[in-house]
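Only one structure is covered here, and it is reproduced in the block below.
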Amino acid sequence: MALVEGNNGVSGGAVSFSEEQEALVLKSWAIMKKDSANIGLRFFLKIFEVAPSASQMFSFLRNSDVPLEKNPKLKTHAMSVFVMLRKAGKVTVRDTTLKRLGATHFKYGVGDAHFEVTRFALLETIKEAVPVDMWSPAMKSAWSEAYNQLVAAIKQEMKPAE
């Protein structure tokens, strides 16, 4: 299954992960999508718990007196980020989205350490969101691989906006 689609994708073509990995991501997503807004918010709260200074990378959080968990702009942003891999029932991200993500992450100085914190927060959030008997090393690996591929694609596009 292609994770990145479009004319150029990653390294000149689509990057894929196994059907088993895709099935695990889709199975867990089917459980989480009913509460994706709250799960997305918990994901960002986990990021800020691990790396409090990360909140300053978001213009809508700087100088805000609204508690993070009640910030409507964070809730909206969290929802959009959390469902990104699940557009149109596929585990894909379009080239145009990657270009925008790359430019945005470049603009705000996102680096490897930020991506690592985000990976940790994502995996912990999913682990807490799915039933205990569903979470497994294979599911963790599947989500980690999907995330790794997304990050690799974003990094290829990390340059100033044109």
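The backbone N, Cα and C atoms fix where each Cβ goes, and this holds for glycine too.
Feature annotation from Swiss-Prot assigns heme b binding site to Ser59, Lys73, His77, Arg100, Thr104, His105. Taking Cβ-Cβ distances under 8 Å and a sequence separation of 6 or more, the neighbours of His77 (heme b binding site) in its chain are Phe44, Phe58, Phe60.
The annotation domain 'Globin' is assigned in Swiss-Prot to 16-159 on the grounds of sequence analysis. Residue counts for the domain 'Globin' (16-159) under DSSP (helix as H, G, I; strand as E, B; rest coil) come to 106 helix, 5 strand, 33 coil.
Per Swiss-Prot, the feature motif 'Homodimerization' maps to 49-53 (among others). Same-chain residues lying 6 or more positions outside the motif 'Homodimerization' (49-53) and placing a CB less than 8 Å from one of its CB atoms are 114, 117, 120-121.
Outside the motif 'Homodimerization' (112-124) by six or more residues, the chain places 43-44, 46-47, 50-51, 54, 57, 140, 143-144, 147-148, 151 with a CB less than 8 A from a CB of the stretch. Marked as motif 'Homodimerization' by Swiss-Prot: 112-124 (among others).
If you look up Swiss-Prot, you'll see Lys140 marked as site 'Homodimerization'.
Residues belonging to the domain 'Globin' (16-159) score a mean pLDDT of 84 in the model. Rounded to a whole number, the C-alpha distance linking Arg100 (heme b binding site) with Lys140 (site 'Homodimerization') is 27 angstrom. Cβ-based neighbour count (10 Å, all protein chains) for Ser59 (heme b binding site) stands at 10.
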